[in-house]
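K.L.:
Below is the structure I would like to discuss, written out as structure tokens.
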Amino acid sequence: MIFDKDNYEEYDREVWEAIHAEEKRQQNNIELIASENVVSKAVMKAQGSILTNKYAEGYPGRRYYGGTDYVDVVESLAIERAKKLFGAKYANVQPHSGSQANAAAYMALIKPGDTVMGLDLAAGGHLTHGSPVSFSGQTYNFIAYNVDPETEVLNYEQILKQAEEVQPKLIVAGASAYSHIIDFKKFRDIADQVGAKLMVDMAHIAGLVAAGLHPNPLPYAHITTTTTHKTLRGPRGGLVLTNDEDLAKKINSAIFPGLQGGPLEHIVAAKAITFKENLDPAFKVYAQKIIENCQAMVEVFNAHEKFRVVSGASENHLFLVDVTQVVENGKVAQNILDDVHITLNKNSIPFEKLSPFKTSGIRIGTAAVTARGFGPEECRKVAELIVKTLENTENEAVLEEVRQEVKLLTDAFPLYENLV
């Protein structure tokens with residue numbers, strides 16, 4: 001019978017070969033995409049567990065199906081651990097993604113057509129913070145706030161002035177490409193002054209918040225959302241947190257039955273394991289190393305005149321580099337670096353002049369290489385390899401040298417062994 005096939009290497013060679021090739025790619029490439037990380041084998045194993053068979057619409061103790069005793073145990077563990085990790089009174093661990101977590105938060109806080117302020121996409125915001133191609137920009141009246149054109153960091157006085165002018169119902173704080181500490185208290189003060197609610201999307205910095213290395217938004221935000229991958233180093237999924245009982249009820253209703261049906265309990269199990277890992281003191285050490293590695297790379301780029309680090313610094317796990325003085329655009333840089341086995345993404349920079357398909361910049365994050373074991377010395381080396389590559393795009397001999405140096409690094413810090 002088909003379901004007796006447990007060796008997919010033999011049963012479905014095409015899928016096996018693609019997955020095996022991806023395993024090799026991850027082992028042999030230096031991963032600098034800021035939204036990616038490396039999960040533990042325990043987290044990976046939970047995602048392939050028997051829980052994938054179980055349907056469980058509803059919430060622990062209030063399911064629409066029978067046979068949910070054990071998934072209730074798993075989901076309750078995930079909820080309690082998430083609450084402990086972030087100091088929240090209420091947590092919903094069911095969102096399939098950060099985008100769905102954000103959609104649920106919007107449904108709980110505002111109505112279609114309401115005015116919302118979110119960070120401009122080119123300044124480091126996210127598609128779900130009001131982009132016209134996203135449900136957020138199509139459902140709500142989003143008005144973008146920006147960074148200061150001189151410093152390229154948030155100017156809270158300017159944000160307050162803009163909020164007083166547009167009178168939003170909601171202000172969204174958080175980013176996908178902003179390299180500095182976000183002052184959530186100031187955002188809450190601004191929201192209170194104009195009678196708005198505050199939502200924080202901490203998807204990128206949640207691991208740093210959990211480790212106490214970035215201010216926690218929970219005391220200030222009406223609702224906080226996050227993904228569970230990125231700096232939390234967990235499975236791909238979402239999480240919604242609040243300290244408000246009424247909002248917690250609205251969030252639960254928004255997620256089920258509003259946006260989703262049955263939760264992915266095998267992913268919820270992986271989230272529970274992730275939160276236990278995050279609560280371990282070793283995780284704080286890891287998170288501190290992420291920041292140290294990021295700052296080590298920034299130092300290298302700041303020492304090279306043709307590479308401009310946006311805002312000149314980083315206080316978290318990522319930073320942007322304007323590469324237009326060395327190559328045509330960010331897409332060109334991304335493709336050339338991919339060819340030498342360094343993986344990152346093109347990215348818009350504040351007040352971007354190029355299209356999102358080309359961009360002036362690249363985004364670099366250190367969560368994945370830190371999980372792999374890289375320290376400041378290795379990260380400085382990687383930064384130098386990026387400079388070397390982009391300054392010698394037509395020199396195949398130099399590019400081959402970079403490939404060999406990348407191999408020395410990836411061989412010295414193996415990722416996984418014999419997973420497939």
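The backbone N, Cα and C atoms fix where each Cβ goes, glycine too.
Marked as (6S)-5,6,7,8-tetrahydrofolate binding site by Swiss-Prot on the basis of sequence analysis: L121, G125, H126, L127, S355, P356, F357. Per Swiss-Prot, the feature N6-(pyridoxal phosphate)lysine maps to K230; the stated evidence is sequence analysis. Annotation comment: Swiss-Prot describes H229 as site 'Plays an important role in substrate specificity', evidence class sequence analysis.
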K.L.:
Which residue, of the binding-site residues L121, L127, has its CB surrounded by the fewest other CB atoms within 10 A?
P.N.:
L127
K.L.:
Whole-number Å distance between the CA of the residue listed as 'N6-(pyridoxal phosphate)lysine' and the CA of L127 ((6S)-5,6,7,8-tetrahydrofolate binding site)?
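P.N.:
Distance between the two Cα atoms comes out at 17 Å.
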K.L.:
Could you state the CA-to-CA distance between H229 (site 'Plays an important role in substrate specificity') and H126 ((6S)-5,6,7,8-tetrahydrofolate binding site) to the nearest Å?
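P.N.:
Given the Cα positions, H229 (site 'Plays an important role in substrate specificity') is 16 Å from H126 ((6S)-5,6,7,8-tetrahydrofolate binding site).
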K.L.:
Considering all pairs of residues in L121, G125, H126, L127, S355, P356, F357, annotated in the record as contacting (6S)-5,6,7,8-tetrahydrofolate, what is the maximal C-alpha distance expressed in whole angstrom?
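P.N.:
Roughly 16 Å, rounded to the nearest whole number.
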K.L.:
Which of the listed binding-site residues (G125, P356) has the least company, meaning the fewest other Cβ atoms within 10 Å of its Cβ?
P.N.:
P356
K.L.:
Please work out the number of neighbouring Cβ atoms within 10 Å of the Cβ of the residue listed as 'N6-(pyridoxal phosphate)lysine', leaving out its own Cβ.
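P.N.:
Looking across every protein chain shown, the total is 28.
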K.L.:
Give the helix, strand or coil assignment DSSP yields for L121 ((6S)-5,6,7,8-tetrahydrofolate binding site).
P.N.:
helix
K.L.:
Around H229 (site 'Plays an important role in substrate specificity'), how many other C-beta atoms are within 10 angstroms of its C-beta?
P.N.:
25
K.L.:
Specify the count of other C-beta atoms within 10 Å of the C-beta of H126 ((6S)-5,6,7,8-tetrahydrofolate binding site).
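P.N.:
Cβ-Cβ neighbours of H126 ((6S)-5,6,7,8-tetrahydrofolate binding site) within 10 Å number 23.
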